[in-house]
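Scroll down for the structure; my scribbles are underneath it.
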C-alpha cells in the first residue's frame with residue numbers, strides 16, 4: 001500500500017501581514033484620549049496670563065489653551081509615533097512600516113472629522129468649530145502627506161525591485177490601483193491647498209477638498225489589506241452622516257428684509273434679516289453661515305457657505321449684518337463696480353437663501369459674566385463683531401471701564417454704521433459715562449463739506465469665500481502703519497482733527513482723522529483699571545487685519561491681560 005504524498009500548506013500571507021492592526025487601534029485610542037484631554041483643558045484649563053509667571057510660561061499656556069496647531073499636533077503625533085518603529089527591522093521588513101504609514105493616515109481621519117462637526121455637541125460648551133480651523137488645516141495636510149508618502153514609497157520600492165513588475169503591481173491589481181487613484185487625488189488636493197492657489201480660487205479648493213475626502217474614505221477600504229472596514233470605515237461614514245444631517249436639520253430658508261448700500265465711496269453694506277431665523281437667545285458676536293442654494297441643489301453641498309458675524313443682539317427686532325462686498329473697482333472708478341464681480345457672493349433682496357445654522361463666538365463664558373474692564377479694538381468690517389460686544393457690556397451696570405476703538409480707511413464706513421445705529425434707535429446717551437466711549441480713527445483725510453463727494457482711490461479686491469467671518473482682503477489694506485502706531489511722537493505735517501459729529505451720541509463717539517494712534521496711549525485708562533480689578537474681569541477683544549491682531553496680542557501678553565480675537569482666513 002502506497003503512502004500518500006506529504007502535502008505542505010504554505011501561508012497565503014507572511015508573518016507581518018497583520019502587524020499593523022494593533023497599531024491602528026492604538027492610534028484610535030490616542031485620538032480618544034486626546035479628545036478627553038481637550039475637553040478637560042477647555043473646561044478646567046486657564047487661559048488667563050498669570051501676573052506672577054514668566055512671559056514664556058504664559059505664552060505656552062495661552063497657546064495650549066488656544067489650540068495652537070504647533071503645540072497640539074506636536075503632542076498628538078509624539079504620542080502616535082512612540083510605538084511606530086517597533087519589533088520589525090527597517091531594512092529587511094520595510095514593508096511593515098510602509099503599510100503602517102497608510103494605516104496611520106486613515107486611522108486619524110475620525111479625529112479630524114469629529115473636530116470639524118458643526119455643531120460639536122461634545123465640545124459645544126467650551127469650544128466652537130472656529131477654534132479648530134487652524135488645527136484642522138494643518139492636521140488635514142499632515143494626514144494627506146502621510147497617505148501620499150505611503151503610496152510614493154511603495155512605487156519606489158516596486159520600481160527598483162527587478163523581480164517585480166511595476167505595471168502588474170500598480171495597475172493590474174485592483175486593490176493597488178485603488179491606492180494609486182487615491183494618491184493622484186491627494187496630490188491634486190495638496191496642490192489646490194497651497195496658499196496662493198487656495199486664495200485665488202477658494203471654490204475650486206473647497207470642491208476638491210470635499211470630493212477627495214469622500215474618495216479617500218471610501219476607496220481606502222478597497223485598497224487596504226488587512227481591511228479597515230471596522231471600526232475605521234464605520235466611524236468615518238457615521239461622522240460623515242452626522243455632518244450631512246447637521247446641514248439638513250438646522251437649515252432654513254430666508255429672504256433679505258432690507259439692504260442699505262447707498263454710499264458714495266465704500267463697499268461696506270448693512271443687511272437686515274428676519275429675527276425669526278435665529279433662536280430666542282444667541283451670544284454677542286455669534287455668526288451665521290448662508291448658502292445661496294437650497295438643500296436639494298447639489299451646489300449646496302459642493303460649494304462653500306458664507307459666514308457673517310451678527311451685528312445684532314438677541315433682544316433686537318431683526319438680525320443685522322455689516323459686511324463688505326467684493327470689490328472689482330479700479331482706482332477712480334464708480335462705487336457700483338464694487339458689486340459687479342460675477343465671482344463674488346452678494347446678498348440681494350429678491351433672492352431666497354438657506355441659513356445653514358448659527359454658531360457661538362470663541363468667547364469664554366466667564367468673560368460675559370465677570371468682565372468689568374473691557375477694551376474692544378476692531379478694523380474695517382470687524383465692527384460687526386465689536387459692536388454687539390460693546391452694546392452687551394454697555395448695558396451692564398457693573399462695568400467700570402469700556403472702550404471700543406475702530407480703525408477705518410474712510411469716513412463713509414463710519415456713516416453707514418452711524419445710520420445703522422440711528423435706524424435701530426440705538427443711543428448711548430442715556431447711560432453716558434466718561435469710562436464708556438467709542439473712538440473712531442480714520443487713516444485718510446476728510447472734511448465735513450467734501451467727504452461725501454470724494455471717490456475712493458485705493459480699493460483692493462477681496463475674497464468673500466473666507467472660512468470664517470465677514471472680514472476680508474478689503475480690510476487688509478487697513479495697515480496699522482497708516483495710523484503711525486510705531487511712533488507716537490511722529491511729526492506728521494497733516495494736522496490732526498478730532499470731533500464728535502453726532503447729536504444722539506455726540507459725547508460718546510469721538511472721530512479722529514490723521515491721528516497718531518498707539519495702543520498703549522489709547523488704553524492707558526484701561527491698563528490702569530486692570531491693576532485695580534481681578535484678573536478675570538479684564539478682557540481685550542480684537543477683530544481686524546493681521547497687523548491689528550498681532551499688535552493687540554502682543555499688548556495683552558506684555559500686560560498680562562486676557563485676550564480674545566476673531567480670526568479670519570482661507
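Counting starts with 1 at the first residue shown.
Just so you know, glycine gets a Cβ as well, placed from its N, Cα and C.
Annotated transmembrane segment per Swiss-Prot: 21-41 (among others), in sequence order, evidence recorded as sequence analysis.
Residue counts for the topological domain 'Cytoplasmic' (42-69) under DSSP, helix first, then strand, then coil, are 15 helix, 0 strand, 13 coil. Summarising the annotation, Swiss-Prot assigns topological domain 'Cytoplasmic' to 42-69 (among others).
The transmembrane segment annotation in Swiss-Prot covers 70-90 (among others) and rests on sequence analysis. Through the fold, the transmembrane segment (70-90) approaches residues 16, 19, 23, 26-27, 30, 33-34, 38, 60, 63-64, 96-97, 100, 104, 108, 135, 138-139, 142 of its own chain, all at least 6 residues removed from its boundaries and within a Cβ separation under 8 Å.
According to Swiss-Prot, the feature domain 'Ferric oxidoreductase' maps to 101-219.
Residues or ranges marked as transmembrane segment in Swiss-Prot: 142-162 (among others).
Annotated topological domain 'Cytoplasmic' per Swiss-Prot: 163-176 (among others), in sequence order, evidence recorded as sequence analysis. In the predicted model, residues of the topological domain 'Cytoplasmic' (163-176) average a pLDDT of 90.
Annotated transmembrane segment per Swiss-Prot: 177-197 (among others), in sequence order, evidence recorded as sequence analysis. Residues of the same chain lying 6 or more positions beyond the ends of the transmembrane segment (177-197) and with a Cβ under 8 Å from any Cβ of it are 102, 140-141, 144-145, 147-148, 151-152, 154, 170-171, 204-205, 208-209, 211-212, 215-216, 219-220, 222-223, 570.
Helix first, then strand, then coil: DSSP counts for the domain 'FAD-binding FR-type' (250-388) stand at 28 helix, 45 strand, 66 coil. According to Swiss-Prot, the feature domain 'FAD-binding FR-type' maps to 250-388.
Residues 268, 284-285, 308-313, 321-324, 361, 363, 368, 401-409, 413, 417, 426, 428, 431, 436, 438, 469-472, 474-475, 478, 519, 523, 526, 538-545, 548, 552, 566 of the same chain lie 6+ residues outside the transmembrane segment (374-394) yet bring a C-beta within less than 8 angstroms of a C-beta in it. Residues annotated as transmembrane segment in Swiss-Prot: 374-394 (among others).
Annotated topological domain 'Cytoplasmic' per Swiss-Prot: 395-570 (among others), in sequence order.
Among the features that Swiss-Prot reports, compositional bias 'Polar residues' is placed at 480-505.
Annotation source Swiss-Prot lists region 'Disordered' at 480-509.
Across the domain 'Ferric oxidoreductase' (101-219), DSSP classifies residues as 95 helix, 0 strand, 24 coil. Proximity of distant same-chain residues to the topological domain 'Cytoplasmic' (163-176), defined by a Cβ-Cβ separation under 8 Å and at least 6 residues beyond the stretch ends, is recorded for 155, 222-225.
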